[in-house]
Amino acid sequence: MAKLIVGFVALALLVAVVAAGDAGPINDFCVADLKSALLFNGLACKAPSMVTSDDFAFTGFRAAADTNNPLGIGIIPGFAGVNYPALNTQGLSLAKFNYAKGGLVPPHTHPRASEVITVLKGEVHVGFVDTAGKLFAAKLKTGDFFLFPVGLVHFQLNVGSGHAVTVSVLNAQNPGVQLMASALFGASPEIKDEVLSRAFGIKDDMTKMIKKGFMPAM
């Protein structure tokens, strides 16, 4: 976030606090009706008379996600609009990560949410970089937690001797995600080579080569 002049600091902080989370619910719950259209504050509510205890239980994390890919990770979401309708209007999202040995969740941001990650199995190196360029990192073991502040670039790397599992809770129904590398080198339309080459201090030939790795499959 860009630095603001001193006279607007107090106002900016107030706005940040007000806008940091989703709008508060006005009912006890609003289990999403996934067959209805998207509304401004989430999804349409299922009729209360049709809601059961099963709506609030989530079993989607029992299975392991496939890690057979170049990054060695698999992700199972727990999102209101995908597979956990009870989260609708609650300002929460979940995600389970399975990691092969050496599996990496590459640097990315969630522009609308902070994230708390906990390790269920294995050892995972996690970290984020603040707006001053300082790295905050830790090696987490089973049962440990770590906080990624809203909007900051962060990553996860399996540094254990085997598979690892983590679960994340984010404080927004739609946290958004932006992968740094693909956002820059895989943008559509493309960012000019000159912009990326000068920003990263590399030659245009190298920029073109990196871009090829992010081109969509034909």
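The count begins at 1 with the first shown residue.
Glycine residues also receive a Cβ, built from the backbone N, Cα and C atoms like all the rest.
All TrEMBL annotations are machine predictions without curation.
In three-state terms derived from DSSP, His110 (Mn(2+) binding site) belongs to neither a helical nor a strand segment and is classed as coil. Annotated Mn(2+) binding site per TrEMBL: His108, His110, Glu115, His154, in sequence order.
Per TrEMBL, disulfide bond is recorded for Cys30-Cys45. Taking all protein chains in view, 20 other C-beta atoms sit within 10 angstroms of the C-beta of Cys45 (disulfide bond). Cys45 (disulfide bond) falls within a strand segment according to DSSP.
Under the heading domain 'Cupin type-1', TrEMBL lists 59-208. For the domain 'Cupin type-1' (59-208), the DSSP counts in helix, strand and coil order read 22 helix, 57 strand, 71 coil.
As annotated by TrEMBL, signal peptide applies to 1-20.
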Residue with minimal Cβ packing [other Cβ atoms within 10 Å] among the binding-site residues His108, His110, His154: His108
Nearest-integer angstrom distance between the alpha carbons (Cα) of Glu115 (Mn(2+) binding site) and Cys30 (disulfide bond): 23
